[in-house]
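Chemist: Sending over a structure as C-alpha cells; questions will come in a sec.
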Amino acid sequence: MAASELYTKFARVWIPDPEEVWKSAELLKDYKPGDKVLLLHLEEGKDLEYHLDPKTKELPHLRNPDILVGENDLTALSYLHEPAVLHNLRVRFIDSKLIYTYCGIVLVAINPYEQLPIYGEDIINAYSGQNMGDMDPHIFAVAEEAYKQMARDERNQSIIVSGESGAGKTVSAKYAMRYFATVSGSASEANVEEKVLASNPIMESIGNAKTTRNDNSSRFGKYIEIGFDKRYRIIGANMRTYLLEKSRVVFQAEEERNYHIFYQLCASAKLPEFKMLRLGNADNFNYTKQGGSPVIEGVDDAKEMAHTRQACTLLGISESHQMGIFRILAGILHLGNVGFTSRDADSCTISPKHEPLCIFCDLMGVDYEEMCHWLCHRKLATATETYIKPISKLQATNARDALAKHIYAKLFNWIVDNVNQALHSAVKQHSFIGVLDIYGFETFEINSFEQFCINYANEKLQQQFNMHVFKLEQEEYMKEQIPWTLIDFYDNQPCINLIESKLGILDLLDEECKMPKGTDDTWAQKLYNTHLNKCALFEKPRLSNKAFIIQHFADKVEYQCEGFLEKNKDTVFEEQIKVLKSSKFKMLPELFQDDEKAISPTSATSSGRTLLTRTPAKPTKGRPGQMAKEHKKTVGHQFRNSLHLLMETLNATTPHYVRCIKPNDFKFPFTFDEKRAVQQLRACGVLETIRISAAGFPSRWTYQEFFSRYRVLMKQKDVLSDRKQTCKNVLEKLILDKDKYQFGKTKIFFRAGQVAYLEKLRADKLRAACIRIQKTIRGWLLRKKYLRMRKAAITVQRYVRGYQARCYAKFLRRTKAATIIQKYWRMYVVRRRYKIRRAATIVLQSYLRGFLARNRYRKILCEHKAVIIQKRVRGWLARTHYKRSMHAIIYLQCCFRRMMAKRELKKLKIEARSVERYKKLHIGMENKIMQLQRKVDEQNKDYKCLVEKLTNLEGIYNSETEKLRSDLERLQLSEEEAKVATGRVLSLQEEIAKLRKDLEQTRSEKKCIEEHADRYKQETEQLVSNLKEENTLLKQEKEALNHRIVQQAKEMTETMEKKLVEETKQLELDLNDERLRYQNLLNEFSRLEERYDDLKEEMTLMVHVPKPGHKRTDSTHSSNESEYIFSSEIAEMEDIPSRTEEPSEKKVPLDMSLFLKLQKRVTELEQEKQVMQDELDRKEEQVLRSKAKEEERPQIRGAELEYESLKRQELESENKKLKNELNELRKALSEKSAPEVTAPGAPAYRVLMEQLTSVSEELDVRKEEVLILRSQLVSQKEAIQPKDDKNTMTDSTILLEDVQKMKDKGEIAQAYIGLKETNRSSALDYHELNEDGELWLVYEGLKQANRLLESQLQSQKRSHENEAEALRGEIQSLKEENNRQQQLLAQNLQLPPEARIEASLQHEITRLTNENLDLMEQLEKQDKTVRKLKKQLKVFAKKIGELEVGQMENISPGQIIDEPIRPVNIPRKEKDFQGMLEYKKEDEQKLVKNLILGNKPRGVAVNLIPGLPAYILFMCVRHADYLNDDQKVRSLLTSTINSIKKVLKKRGDDFETVSFWLSNTCRFLHCLKQYSGEEGFMKHNTSRQNEHCLTNFDLAEYRQVLSDLAIQIYQQLVRVLENILQPMIVSGMLEHETIQGVSGVKPTGLRKRTSSIADEGTYTLDSILRQLNSFHSVMCQHGMDPELIKQVVKQMFYIIGAITLNNLLLRKDMCSWSKGMQIRYNVSQLEEWLRDKNLMNSGAKETLEPLIQAAQLLQVKKKTDDDAEAICSMCNALTTAQIVKVLNLYTPVNEFEERVSVSFIRTIQMRLRDRKDSPQLLMDAKHIFPVTFPFNPSSLALETIQIPASLGLGFISRV
C-alpha cells in the first residue's frame, strides 16, 4: 500500500513546532497527490493550513495508533521517526512514571531527579534469570542479559553507559554493579562484591563535583572490569580512568564546586584527628570559594566524609594512609592561598613566613625556604650552562596552580592503584563484565581541550555503536534468509581521521608542542592551512582566527584554540617536583615514583589508570634516550593510546548500551523538556538506531503472533493448517505491494507503517463487526419490546373492560342500597337532631339560670364587702387625722420646751460658774459622789437622831458637842475629798466623752454590721436558692455522669477486650516471627552443613579427581548460592575442625552438642513465652469473669484495669528481655564477618559462650534442685525396712513433714514429677535385682509416699478453697471500698472542677501507691520464703549425700561384682507381641541402610503402610529403652537423623523423596510424643498403647532435634516445589490464554516476549493443576498429616500468587482488561481445585487475595471519584505502591479501551496517603511461612505391624 493512501480524513500527523519541537494535528480532508496544502486541525482547537515543501514534497510524519503509544520498545512502533520516539518517551516518563525504555539494543534511561523504589533486592531477584524481553525495561534487565550471555557464550561483556553531565550515568553504572554483586555473590569469604560497591563513594569523592548541570557530575571517565571465576562468581575488579578534569582543582565556574573531597574535609575540620590539617570553612580557601556555591542542598558533607573513610577502611587503605591522603589534600588547599608580590614586571616574591606556605610545607614535610624560592624562580638549562631566572607574578601563579593540579592528579592515580590492589584477586579470572561510565557529547559556549577530547572519545564510541547495530541487523536478516540490501547510515570515520590521522588535529598539536616557540595562534594557522577547504568536516569561524569548527556526528562544535598547547603539554617545573620528592613525609615521594621510570600507555592502562600528567625535563646522562622520549608524550597522545586500548577491549566483548537522557536543565522531578531531549537523542545515537531500523524492516512478527492478532481479517476458507501459508495468503490480499513485507523462516518482516495500516484494517473490521452486532441486538431488543408491549396492551384491555363491567354492576347495587340507606338515615338524622336540640335547650336553660343566680349572689357579696371596706377606710382616715394632729401638738410642745430649755440652759451656764452649782450639777453624775451623798444623808439622819438624843439626853451635851466637832472635822475632810473628787469628775467627764464617742462609733459599726448582716442574709438566701438550683442541676449531672461512667465502663471493657484480642494476635504474630526466625536459623544451619559437605567433597575432588571444565548454572542458582555465603558462629564451629583436618567422625558430636544447647536455649525461651501467654490468657479470663461484677463495683474497674495493664506491661517487659536475649544469640550466630572475627575469643564468640554458660548454669541449678528432691525421697525410701512397719510409717510421716515444709506449689509439683520419674526409671531394676523382696517393699513404700503426696495435694486443694473464701471476703471489702469511692466521688462533685480533678488524681495516686507497697511486701516475703527453702534443700542434700556414702560403705564388694554378671536372656514363656523390635548392635548400620538409605519412595515404599519406616524405628527405640541401653538409643537416633540428612542431600531435588521422609519424620516424632508417657500426649491412647510407653528414657531433647529436622525437610520441600512450579507460574498464570481470543497480541519490537499461544513445550494452567494434583497425591500417599498438607498447599499458593503478582507489576504488556479476566479465571480454577481437595480452610485462598485484587483493579472502571473510592476500599491487600504501579502500567490492547488519566492516579494517591503499609513494591516470593507440627496420634497398634520381606530386615526379630 502506498504511503500517501494513509493520509485520509481524520488521520493524525506530526508537524514541526518551534516550542514543542513536534505538534500533533488531524487531517480535515483526504490528501490527493499534487496537493500543496494540507488542512489540519490542531489539538488545541485551531485550524491550520500546512504548506508542503515544494522541493521535497515530503508529507508530515504519521502518528502511531494509540494502542502502540507507551510501548516498552521503540522499535515496536509502526512509524519509526523522531516525533514518534519523542512522544513515546514523554508518555512513558510523564504519564506512567517509567524512566526506562528499549530502543532496539539500547536502553534509554531518563533521569527522574527523584528517588524511585525500583532498585531493591526484591526487584533484583525478580529480574534474575529472566529473559530481557519478558520484563519491563530496566538497568537490571541489561545487567542480567550481560551476565547470561557471559555464561552462555563464554564471552566477555561490556555495558557502555553514556550521556550528558547530569543524565544519571554514574547512578546507572552503580546499579549495574550492584546487580552483579547481588546476583553472583563472591567466590571467597572476603566479600569482594562489597568492596566493588565500596569503591564508588571513594571515586565519587575524589572524581565528582557539582556543576551547573549536575550536583554529582563525574569529571573523569572510568571503565570497571568485574572479574568472575568459572562458577561466575565475583572474584575481583579492576578500574581504568580517563581524562581527569584537573583544571577544576584550581578553577571553578560560577555556581560550581571543586571536587567533593575538599568540602568533606572542610566540613570535618573540627574532628580531633583533623586539627593538625589546620582547615576551616570552605570559603576561606581560594580553590573552594570561586564558584560561590560551597553547599549542595540535601547533602551533608560531614556524613559523606564518614562514608568515604568507611569505604577506604573496607578497601584496606590503612588509617595512616588515609591521614596521608587528607594531609596532601589539605596541603593543596593551603597552596592555593599562597600569594605573590610583584617586585617588577619580571619577578615576584613571597612575604617572609607566609602562613599558607608554612602550613603547606609543614604538611608536605618540605623545606620552606626551598619551596618559597622555586615558586618564584625557574631553572633554565642550555647546552653549556644552567642558570636560574625569576618569574613574574602571573607565571608564578600559573606555576603554583600547575603544581596543585599535578599533585592532585598523582594522588588520584595513587588512590586508583590502591583501589585496584584491594579489588585484585589471586584466583585466575575466567571472564569479566566491563562497565564503562564515560562522558557524553559536550558543547558549551566556550569549548576547549577537554571538550575536544570528550567529543573525540564519543566519535569513537559512536562508530563502534553504529557498526554493532549494523552487524546485528545483518545477522537478523541472514538468520531469517531475507535478501540483504545495503542500508545507508552515517559513517563518522572521516571525522575520526580528521582528529587522529597523520597530520590530523592531534598530530599537529603534538608537533606544535615540540616547537620551542609554538603558540596557540601558530597551531591554529597550521590547522587552517592543512584542513580548511580540504575537509568538509573542518570549518573556520568568520569572526575569529583563534578557533575552528568540527562537524561531529551530533552537532557542529566551535573550539577555542587558546590553552590547547598548555593543556596538552601539562608542564610542571621540575625543581618543584624535586622539592616534593625530598619530603620527609614518606607518602609524598611515593606519588612521584613513576616519574623516575618510563611507563608506556599499555602498562599504564594495565595497571588500571592512565597517566594524565608528565613533567618535561632534560634527562640526565644516566637516563636512556627512550626514557626521555616517553616523558615527552603529551596528554593528547596518551589519551589517544588509552582510547585505542579501550576500543580494542570493547570490540573484544559483547557490548550492551545504556543511553542516559537529561529531561530538563533545572533538575525538576518528572519534567520533560522536548528540546533538550531531542538534542540528546540525536547526540547519543538513539535516533540513528531508529533510522537504521526504519530503513529496513523494523516491524517483525512471528507467524503465530501474526495469525493470532489478525485472525479477524481472515475468512474461514483462508485458514489452513499451515500457519505460514495462511499468513502469506492473507498478506498478499491485504498488502498489494510485495516490497512492503518479506517472509522469513520464523518471522514476517514489515516496512515502516505497514503494521499501522494492518491495525487500521483490524480496527475497521472490528468496528464494522461491532456495528453489525449492535444493529442486530438493537433490532432484536426492539422487536422483543414491541411484542411485550402488544401482549401487555391486550391484557390491559381485557382487564380494563372486565373491570368496567364489574364497576357498572356494582354501581347499580349501590344505587338501590343507597336509597334504602338514605330513607333510614334521614329518619335517624331528624330524630337525632331533635334530641340534640332538646338536650341543648335544657342545658342552655340550666346554665343561664345558674349564671343569673351567680351574678345576683356576686352583687350582694360585693355590696357587703364595700360596706366593710368603707368602715375600715373611714376608721383608718380618723386614726390618721388623729395621729397627724397628735404629732403636730407634740411637735409644738417639743419646740416650746426646746425654747424653754435653751433659756434654762443659759441660766444654768451662768450658774455653773459657781462652785456649789457646779457641785450640784455633778452630784448625780458619779457613783462615788452618790455614795458620798448617801453618807451625808445618813449622817444627817444620825444628826437628827443625835439632836433627838440631845433633847432626850441633856446630860451628855458636851459629849455630843465633841461628836459634832468630830463630825465637823469629818465634813471638812469630806469637803476636801469632794474637792479631790471634782478633779476626778473632770477626768471622768473626759472619759465619758470618749466613751460616748466610742459608743457612737460602736453604734455606727453596729448599724453597718446589721446592714451587712441583712445583705449577707439576703445573699445567703439567694445563694441557698442558687445552690438548690445547682443541686438539682448537679443531681441531673450526677445521673448523667453515672450514665456516662457506666457507658465508659462498658466502652473500657470493650476496648480492653479489643486490646486483649489485638495483643493476643500480636503475641501470636510475635510467636510466629520467633518461630520463623528459629526455622530460618535451622535453615541456615542446614545450609552451612551442606556447604561444609560440598566444600569437603570439592576438596576431595580437587585432590583426587580434578575436572578441567565446568558447566555454568543459571543466574537463579547463583543467586541462591549467594545466600549461602555468610559467616556465623555455627559456621565457625564447622570450619575449625576442617582447618585442623580432623576426621569427620569427631566433628559430629561437637556440632551436635552445640546444636542441642542452642535448641535447649530456644526451647526454654519458648516455654517462658508460653508461660507468659498462659498468664495473659488467665488475665483475659479474669476480665471475662469480672464482667458480671461490673454493676456492683463500677468504680474499682479503673483500678483493676490499671493493675492488669501493669501486669501486662511487666509480662511484655519480660518478653522483650527474652527477645533481646534471643536476638543477641541470633546475631552472634548469623553475623557476617571474617574468620578472625568469629574465632574463639572474638566478641561474637564470647557472646555465644556467655549465653550458653548462663543457660547451662541455670539448667544445672534446676537439675540440682530436682536431684535434691529426688535424693531426699530416695533416701527416705531406702531407709524403709521390710519388717518394720512402724519405721515405714515414721519415714512416711517425716516425708509428709518435709513435703509440708514446701510451701511453693511449683516445688511440690516438681518433686512429685521427679518422684514419678524415679519410680518409672527404677521399675526395671526392681524386677531384675529383686532377690529378697527388699526392693519390692521399697517400691511399696514409694507408693505410700505417693499416697501421702496425693493427700498433700488434697490439702492444697482445701487451702485453695480457703483462699477462695478469702477472696470472697476481699470482694466484700472491695464493695465497701466501692461505697467509700462513691462517697469520695460525691464529695469531689461538690468541689470546683480544678480541685475535683486534683483530688481524684491525688486519691488515685495514694491508692496505687498503697497497692504497690503491699505487693512489694508480698514479693519480699515470697523471696525470703524461697531463699529459706533453698537453704533447707541444700542442707538436706548434704545429709542425704552423707547417708549415701555411709550406705555405699556398707555394701559388700561381692554384691557389686555379682550383680551385673547375671545373664540377660532369661528363658520365658511365649507371650503376645509387645510391639518392640530387637536388633544387634552390629546390625545398626545395616538397619539404617536398608530402611533409610536404600528405601526408595517410587519403589518398595509405594505399597507399604504410610509411615512404616517411622514405626519400625520407634519399635527399635522401644526395645533399647526396654533394655535401658542409653548408648544404643543414642546411637540409633543419631544414625537415623544423619541418614535422613544424607538421603535428602543425595536426592534432595526429588519431591517424592523429600515428601516421603517429611511424613516419616513427623510420624516418628508423633510416636515419640504419643508413647513418651506424658499425660498431654496420652489422652487419645488405648490402654494397650499406654502399656507401650517408654519407661526409662526421656527423649524430649531428641524430639526437639527431630522437630528441627522436620522443619529443615519442610523448607527443602518448599524449595523443591518452588523450583518445579516457578517455570510454570508466569507462563501458565499470565502468558497463556486460557480463554482463547479474549486478548490480542500487540507488536513487541526487537526484544520478543514469551508467546502467550500454547505451543509445544509451553506451560499452561492445566500444567500447574496437574502438578498440584501430583504433589497432593504424593503427600496423601505418603501419609502426611492433613494439617501439614494444608500448610504445604498454603505455601504453594503463596508462591503462585507472589510470583504472578510480581511479574504483573514488572510487565506493562500484562496490565490490561483482558489479562485481568484471564487472571481471575485462572484463580477461579485454583479455587475449584481447593474445593475438590477439601482444602478451602487451609488459608491458601487468602494468599491469592493480592493477585485477585490486582486482577479486579485491571477490570474495574477508572474514571470518577466514586471509582477511586471503590478501588481504595476494594484493594486492601495491595500496598499503595502496588496500586499506583498497576494503574500506571495499565495499557489498552484494543482501541475501545481507555487509558487511566494522570488525575485519577493522583486522586488514588491522595486517598491512600494515610494508609500505613510497606513501601516495598514486590512481594517476597522467597518467604516461607513458619511451619508447625500439630500432634497427630496414630490409632495403629504397634503389635499388629508386619514387616514386609521386601525391606530386607530379616535380621531384626519381634519381641
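Note: Cβ is positioned from N, Cα and C throughout, glycine not excepted.
Below are the features I grabbed from TrEMBL:
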BINDING   GLY163, GLU164, SER165, GLY166, ALA167, GLY168, LYS169, THR170  ATP binding site
COILED    915-1098  coiled coil
COILED    1155-1231  coiled coil
COILED    1339-1439  coiled coil
COMPBIAS  600-613  compositional bias 'Polar residues'
DOMAIN    8-60  domain 'Myosin N-terminal SH3-like'
DOMAIN    69-763  domain 'Myosin motor'
DOMAIN    1534-1810  domain 'Dilute'
REGION    599-631  region 'Disordered'
REGION    643-665  region 'Actin-binding'
Chemist: Counting by DSSP secondary structure, give me helix, strand and coil numbers for the domain 'Myosin N-terminal SH3-like' (8-60).
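Modeler: Going through the domain 'Myosin N-terminal SH3-like' (8-60) residue by residue, I get 0 helix, 24 strand, 29 coil.
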Chemist: If the ATP site is taken as the center of the Cβ atoms of GLY163, GLU164, SER165, GLY166, ALA167, GLY168, LYS169, THR170, which further residues of that chain fall within 8 Å of it by their Cβ?
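Modeler: Other same-chain residues near the ATP site: ASN111, ASN214, SER217, SER218, GLY440, CYS660, LYS662.
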Chemist: Could you give me the DSSP helix, strand and coil counts for the region 'Actin-binding' (643-665)?
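Modeler: Helix/strand/coil tally for the region 'Actin-binding' (643-665): 9 helix, 8 strand, 6 coil.
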Chemist: Taking the Cβ of LYS169 (ATP binding site) as centre, how many other Cβ atoms lie within 10 Å?
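Modeler: For LYS169 (ATP binding site), the 10 Å Cβ neighbour count is 27.
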Chemist: Which ones in the same chain are close to GLU164 (ATP binding site), with CB under 8 Å and 6+ residues apart in sequence?
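Modeler: Listed in sequence order: ARG213, GLY440, PHE441, GLU442, CYS660, ILE661, LYS662, GLN680, ALA683.
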Chemist: Long-range neighbours only, meaning 6 or more apart in sequence with Cβ under 8 Å: which ones does GLY166 (ATP binding site) have?
Modeler: ASN111, THR211, ARG213, ASN214, SER217, LYS662, LYS667
Chemist: Count the Cβ atoms, other than its own, that fall within 10 Å of the Cβ of GLY168 (ATP binding site), considering every protein chain shown.
Modeler: 25
Chemist: Taking 10 A as the limit, how many CB atoms besides its own sit near the CB of SER165 (ATP binding site)?
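Modeler: If we count other Cβ atoms within 10 Å of SER165 (ATP binding site), we arrive at 20.
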Chemist: Using Cβ-Cβ distances, find the residues under 8 Å from ALA167 (ATP binding site) that belong to the same chain and are at least 6 apart in sequence, listing them in sequence order.
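Modeler: The answer is ALA109, ASN111, GLY440, CYS660, ILE661, LYS662, GLN680.
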Chemist: Can you name the residues of this chain that are 6 or more positions from THR170 (ATP binding site) yet have a C-beta less than 8 Å from its C-beta?
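Modeler: Expected: GLU204, ASN208, ASN216, SER218, ASP437.
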Chemist: Give me the count of other Cβ atoms within 10 A of the Cβ belonging to GLY163 (ATP binding site).
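Modeler: A count of 27.
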